[in-house]
Every structure is written in structure tokens, then in C-alpha cells.
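What Swiss-Prot says about this one:
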- 75-91: disulfide bond (DISULFID)
- 172-249: disulfide bond (DISULFID)
- 207-230: disulfide bond (DISULFID)
- 239-267: disulfide bond (DISULFID)
- 44-291: domain 'Peptidase S1' (DOMAIN)
- 40: N-linked glycosylation site (CARBOHYD)
- 110: N-linked glycosylation site (CARBOHYD)
- 272: N-linked glycosylation site (CARBOHYD)
- 1-35: signal peptide (SIGNAL)
């Protein structure tokens, strides 16, 4: 049997008080613990990962993130602090419920004690994102509902200063669960294990010229802009590899997030070219968003933003 609110003698003042009490209770709830992350605890400096003894066999990318919908991998990402992951804006598919997996190089970790699966509490897409034709400002920030506990399997990558210049020829690494050496007609399914490929930064003008040869756009229309960064490996790259995945470069002993994977030329062609969102063009924006989020507390920001609106609702139901 339905109960009328009128029968509860709830006036405008009391209803607003109840709303405030409910929101206060939600905000005071302790965050859900990240079980399994007390072993090998470290308080890392960004961009200084733990490496296996044999570097020839494999590297270790503790900032690598898998953005998932209903436990299915959709995009890559990079952990930049306890609560924030950087990914590509075009990965966000409307009003979906996302989670982020951290601490594993496989998409199916089988209950590994160091693997985290954390719901995404808030998503911020850059206001100048353009998703048609050649993508622009392809960057998004994912705020985790629960801050992570760092250990040797989960650590952040460094953000570059906004005025840092990644020189042409710089050797970097691209990682992700994308296909490797697959024909363009192959079915696009994620690889079960994390791939890595060594790539080199190339000049934007050279990259732009190569792309123009494959399009009908006139030369006066730039395809590769200043807020993008271009790489090649002349034959071995992450073909159809993870959108949103990190381009990581080791600079003076620290690993720096140079780019976020955005789009690429077909990997059946040579040279293999990949285009990334250039992080230096967005460092200030990222830091502003992270700082603002820290002031609001854990990523229940969507609830907080709704609070003023809820308090203005009419009470006659």
C-alpha cells in the first residue's frame, strides 16, 4: 500500500532537513576498502616502477588501466594519482556504468590478490573535445569511487610540465590490450595479455604530410595539430590498439605520460603512424580538475552537484 508524504506531516523545512541529513550520511560513509593491497606496500614517487630482474623478457607498467563496461574491456588508461585515471574522450559511450581494472597485465586475472576493480564515480570530458572526422582534444578524466592503495603493481605515472618539449626521435613505449600485426579486415577483439611496443616521436609536419597523402583534405587543412603527438615504429606497433592507452617516455630516470592514444593509420601500411593527445597541452587543465575534485572529497561529486537542485524541489507531492 502506498504511503502519502502528506500523512507524515512533512513541511518544506523538515523535508529539506531530511534531504540534508541523507546526503550527510552518504558522505560520511567510509570508502570501501581495497582488499588485497596491504602486501608489499610502497609509497611511490610517480614514474618510478618496480621492474622484473630480466628486462629482456618483460617490462612492468603499474599505471596501466583497463576501462571496462560490464567486465568487458573497452579502452586503456593511465593512473596519475590515487583517484584519477586519464583516458580518451571518445571512449566514453553515453550514460554507461564504467569500472577501472588496475594491477594486472591480463584482462582475466582469475582473482589475483593484487588486481583492483574500482567503479568510476565521475567522468570529465575536455570541453573542446571534437569527435567527428579527425578527433581533437581527445582526453577525459575518470575519478575513481575509491582511492587506490599503491604497491609495486599499482603506481602512478608522472604528468609532464606544460612547457616540456618531447623532442623528435625520443624513444617511448606504447602499451595496451589491442591487436598486434593484424590485417585491417580482422575482427577487433582485445588481446588477453598486455602488449608493449617501442615507438619513436616524429615531427608533426612530417606526420601531417603522410596522412594528407591518404585523404582528400587540402594541405592547408592541418590534420595533425599542436595538441597532438605522432609516433612510428616502422612496422611493429599496436595495430588497432587501445584508445586511451598511455604513451610513456623515460626522461631522466622518470616515466612521463607523453600522450593518450587517440587514432592511427591502418597498421597494414608502412610506416605505422599513431596519433596521441599531447598531454603537455592539457597538464594545467588536468591539475585544475584533480585539485577541484580533491576539494570535494571522494568522487561522489555528482551527488553534491545535485544537492542545490534537490533542495529547491516543490514539496507538494
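Using N, Cα and C of the backbone, Cβ positions are placed for all residues, glycine too.
Note: the Cα of residue 110 (N-linked glycosylation site) and the Cα of residue 172 (disulfide bond) are spaced 31 Å from each other. Averaged across the domain 'Peptidase S1' (44-291), pLDDT in this predicted model comes to 86. Counting other Cβ atoms within 10 Å of each Cβ, the lowest count among the glycosylation sites 110, 272 belongs to 110. In three-state terms derived from DSSP, residue 110 (N-linked glycosylation site) belongs to neither a helical nor a strand segment and is classed as coil. Under a cutoff of 8 A between CB atoms, and with a sequence separation of 6+ in the same chain, the neighbours of residue 75 (disulfide bond) are 66, 67, 87, 88, 91, 242, 243, 244, 245. In three-state terms derived from DSSP, residue 272 (N-linked glycosylation site) belongs to neither a helical nor a strand segment and is classed as coil.
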